[in-house]
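Trainee: Pasting a structure here, questions to come.
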Amino acid sequence: MGLCQSEEEKVGSQKSRAIDKEIKQNQSNDERTVKLLLLGAGECGKSTVLKQMRLLTSKTYTADELEAQAKLVFTNIVIEMDHIVKAMPSAHFNFTDPMREHDVHMLTLYIKDMQHKSFHADAAEHVAKLWKDPVIKRLYAERRERNIRDIGDNTEYFFENLDRIAKPDYSPNSMDTLLLRTKTTGIVEVQFEIKKVKFRVFDVGGQRSERKKWIHCFEDVNAIIFIAALSEYNEVLFEDETTNRMIESMRLFESICNSRWFHNTNIILFLNKKDLFEDKIKKENITKAFPEYRGAQNYEETVAFIKQKFEALSNNPKKTFYVHETCATDTNQVQKILDSVISMIIQSNLHKSGLY
């Protein structure tokens, strides 16, 4: 009996060691998987940053993905022109050339049956003629001040490339893909591997209705990349025209950095759309969002002030923020920043897990 018990103990011990080994292996694999959460209010540029991460790893799009993107390019072009045209009455604008009314009529007919059609030269021609009209260009330039809904910052790029996009064999190039405006609904995940470390990056919807999904799902992330659009200091929310977009972004940042779920989580702040901000600040002061600002109306001083406003929102004086000024559509600049950020996260993660 004693011998039998000894054999059972031996077998049990072997199984225990095997289980311990598997647990340690799984723990090691988990420790070498870095989870990143992209956060920010709607229209801040999160989806573009996620696409840049994909480019960083040279992960190409499938034929099906490119086909879906092409359809979205077509849809965005037509719908966004329609939104601009429909904003004319409230702006008290009229076409100087009566032929543009014909283009609007044809565009309306196309939209009614758009789901059954592919984008073709006739539709592109009507959009192109409308885009050349000075009234349309003025309305586009004033889209934010007039709060014209669903007009992206990169719409002009697609209008200017209509000839290429309208060709029968069109397939989005890397710049089209990067600048394509997509609304994130729910949770989007991208996985890639850098320096033998696996990354799982989550992008969640930025509109208010999407935010309830954030905290309870992502308390174990290694780092948060929070994106705020610098250029939104003189804009209001589409879903609430009484709320300044910059102030809303700061409120969200405050709730995230002071959340008990993210008390020990690294937070990287991307002050995005620096190119648009640099141009806009020449025309309108940031006092639109910050009446207390008394500095000069230049890029350096205003950005420094905004940085301080964000950093002051943290209730934890020991919490370190990594702040970068970004233009998410500038591939070279963002790639360098992302490479630096990812290296920092890898080093921090390995240090915490005792692997470095």
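For all residues, glycine too, the Cβ spot is worked out from N, Cα and C.
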Trainee: Tell me which of 17-30, 199-212 corresponds to the region 'G1 motif' entry in Swiss-Prot.
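Mentor: In Swiss-Prot, residues 17-30 carry the label region 'G1 motif'.
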Trainee: Quick one: sort out which of 86-91, 308-313, 338-343, 344-349 is the region 'G5 motif' according to Swiss-Prot.
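Mentor: Going through 86-91, 308-313, 338-343, 344-349 one by one, Swiss-Prot gives region 'G5 motif' for 308-313.
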Trainee: Going by DSSP, how much of the region 'G2 motif' (158-166) is helix, how much is strand and how much is coil, in residues?
Mentor: 7 helix, 0 strand, 2 coil
Trainee: Give, as a single whole number between 0 and 100, the mean pLDDT over the domain 'G-alpha' (14-338).
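Mentor: Result for the domain 'G-alpha' (14-338): average pLDDT 85.
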Trainee: Helix, strand, coil: count each for the residues of the region 'G4 motif' (250-257), based on DSSP.
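Mentor: Per DSSP, the residues of the region 'G4 motif' (250-257) fall into 8 helix, 0 strand, 0 coil.
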